[in-house]
């Protein structure tokens with residue numbers, strides 16, 4: 001509504017519009033998502049403003065259901081082992097009085113059924129631990145009124161301030177200072193989250209666009225510290241390239257971020273890197289400064305640093321955070 005606010009907002013080249021505060025573009029959904037936390041492949045959707053509460057309840061109820069299933073599996077195996085079981089090679093009869101009292105099981109409990117129950121118990125316990133940990137992580141960010149992405153942005157803000165010694169103090173603007181108030185920003189009795197997903201209540205002394213201003217600073221810093229590389233080998237863009245060495249094959253980044261195909265002579269602006277892999281943007285149109293760029297991982301073996309780097313001479317290994 002206010003054209004002067006555009007200077008504080010990020011522009012999405014894919015959606016061809018400005019991003020609302022706390023919004024991020026999802027490559028999988030191919031759209032900008034309000035208050036995006038992450039893209040979840042298990043629900044085939046993004047966790048964001050509209051469904052943050054529902055997704056968190058899913059993370060709570062799934063472990064509870066698995067605990068219930070684990071109890072059933074344990075009691076089933078205990079009952080059958082205690083009463084009578086024929087595994088084919090011998091019969092175990094511990095207490096025949098219980099067998100006389102109880103009717104015969106509807107489903108014969110043999111060796112295959114015991115193995116299947118034991119396997120299902122392992123899956124149920126594993127899901128309880130894994131999804132339960134995700135629930136704890138989600139509750140931690142909700143009680144501070146953040147998302148997983150915003151926690152990362154806050155961490156990078158501290159690194160940026162420490163790196164340049166600017167003396168700034170970044171205060172996360174959406175933390176209401178009370179865990180209960182932060183909790184109510186996501187969970188409501190009606191199930192509909194507060195607000196419209198565009199305007200958010202902020203702490204005293206903070207600006208409505210404090211977070212987006214910090215993101216713009218981080219993007220500017222990222223461009224300054226990027227290093228220009230030139231491709232010296234072709235790379236098809238597969239996740240685990242066999243022809244680029246054994247170490248490159250086994251150290252492929254465990255992330256949903258894409259890989260980019262390279263042809264000999266391509267220019268890439270690298271922003272971060274691992275020992276055998278690098279992440280950056282391939283410049284498809286170098287005629288203009290704002291040319292189209294394709295981002296992703298590529299093997300370090302396929303590129304070499306340009307002798308005359310117009311961006312910076314600092315090596316990409318100096319990046320403080322490798323995500």
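Glycine residues also receive a Cβ, built from the backbone N, Cα and C atoms like all the rest.
Curation does not apply to TrEMBL; its annotations are automatic.
According to TrEMBL, the feature domain 'SH3' maps to 224-308.
What TrEMBL lists as transmembrane segment is 57-78 (among others).
Residues or ranges marked as transmembrane segment by TrEMBL: 106-137 (among others).
The average pLDDT computed for the domain 'SH3' (224-308) is 84. Residues in the domain 'SH3' (224-308) partition by DSSP class (helix H, G, I; strand E, B; coil) as 9 helix, 32 strand, 44 coil.
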